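Notes for the one structure printed next.
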Amino acid sequence: MAKIVVTGGQALHGEVHISGAKNAVLPILCATLLADAPVEISNVPHLHDVITTVKLLSELGAEVTIDEGTLAKGRSILVDPRSVTHQIAPYELVKTMRASILVLGPLLARYGTAEVSLPGGCAIGSRPVDQHIKGLQALGADISVENGYIKATSNGRLKGGRYVFDMVSVTGTENVLMAAVLAEGTTVLENAAMEPEVTDLADCLIALGAQIEGAGTPRITVQGVERLGGGHHAVLPDRIETGTFLVAAAMTGGSVTVRRARPDTLDAVLDKLTEAGATITTTADSVTLDMHGKRPRAVNLTTAPYPAFPTDMQAQFMALNCVADGVGVINETIFENRFMHVNELLRLGADIQVEGHTAIVRGAERLSGAPVMATDLRASASLILAGLVADGDTTIDRIYHLDRGYENIEEKLGALGATIRRIA
């Protein structure tokens, strides 16, 4: 099984280009099932989860063509959903990726029936699917859970309705939003997720002919249409990848510019980096961070739904606090079991104390390289970041987690001056 070896001690300098957002491209690919003509998606990142989604669309009968493109143009995927023949998403594909549940709403709305295996994917605690189920039931769906499958049917078109999410759910919002697009009448979603990836999905649906207002706010209003046509959409840049590279620069005392970024989606992260002592300069599509060779200051943070601090950046900032000056307190309010990287960071010499959903991190002058194991996607990134500043070699096992969400991370870090390589 492949591993990554990081040799610490190099400050990062230079420029890096950000890929399309993992958490936007997956629902957008699923949304192509709603159309009755080919849909082209561009700025698609090379990620394992994208490959899994393409396999799932193909399994349903869609014709999928991948254009690898160029470094400047990026990768694009053309989905022709007119050849879809069945509406069952099997366990073999769904078990590896939680986002597979995002075909439920589109299949139900387009074909009146859908069967989707209960999802697998990340091992970071409870991610309930009840928000998806109750939201679709509010649109008139008949849903049962039998033998590990969510089985959904509708008598004719779904009917517009009002649904208040019990809790903010990004994928729940996306699933119900996609279904509502082809429902009869008006749908109002309250307490909807406001993440930029939800807005990007809505922008894609609008480009195909949907009528949606309020995406990016807690209330989304959808006027159902009879059909969606074909079209094109470019996926927005990945704000979590952007944040990860900025934290890497901050931890190493370096100076890095990230291009093809969207700093307007990163306010909470940029605020914390400024608090840590970084000088940050932004344009519409770039962020420059300069630490002037200084050690970062410890920061306190609490994860919460957008526009607050993202849970997907928690592990990276924990790594930063491990080598920062002072004590940082991290509160994780979104997912349980999202401190699984703590034990691995301790192996590198970090000083972390966990009390329930809170981690208290006392910054150390230095970390020492050691063999560690990735437990989930963002944890694997935090271990690479810690390895960048640890003495000697840090060998990270089970990096298949990393390939689910970061495109060519070792090449990108290497271009900034990191000593990093992948070994068999």
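Numbers run from 1 along the shown chain.
Every residue, even glycine, has its Cβ placed from backbone N, Cα and C.
Per Swiss-Prot, these features apply:
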BINDING   LYS22, ASN23  phosphoenolpyruvate binding site
BINDING   ARG98, ARG127, PRO128, VAL129, ASP130, GLN131, ASP312, ILE334  UDP-N-acetyl-alpha-D-glucosamine binding site
ACT_SITE  CYS122  active site, proton donor
MOD_RES   CYS122  2-(S-cysteinyl)pyruvic acid O-phosphothioketal
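Sequence features annotated in Swiss-Prot and their locations in the structure.
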| residue | record | contacts (Cβ under 8 Å, 6+ apart) |
| --- | --- | --- |
| LYS22 | phosphoenolpyruvate binding site | PRO45, LEU47, ASP49, VAL50, ASP238, ILE240, GLU241, ARG404, GLY405 |
| ASN23 | phosphoenolpyruvate binding site | VAL170, GLU195, GLU197, ASP238, ILE240, ASP312 |
| PRO128 | UDP-N-acetyl-alpha-D-glucosamine binding site | none |
| VAL129 | UDP-N-acetyl-alpha-D-glucosamine binding site | ILE101, LEU118, PRO119, ILE150 |
| ASP130 | UDP-N-acetyl-alpha-D-glucosamine binding site | ASP166 |
| GLN131 | UDP-N-acetyl-alpha-D-glucosamine binding site | PHE165, ASP166, MET167, SER169, GLY172 |
| ILE334 | UDP-N-acetyl-alpha-D-glucosamine binding site | THR303, ALA304, PRO305, THR311 |
Report the member of ARG98, ASP312 (the binding-site residues) whose C-beta atom has the most other C-beta atoms within 10 angstroms.
ASP312
Using DSSP, would you call ARG98 (UDP-N-acetyl-alpha-D-glucosamine binding site) helix, strand or coil?
helix
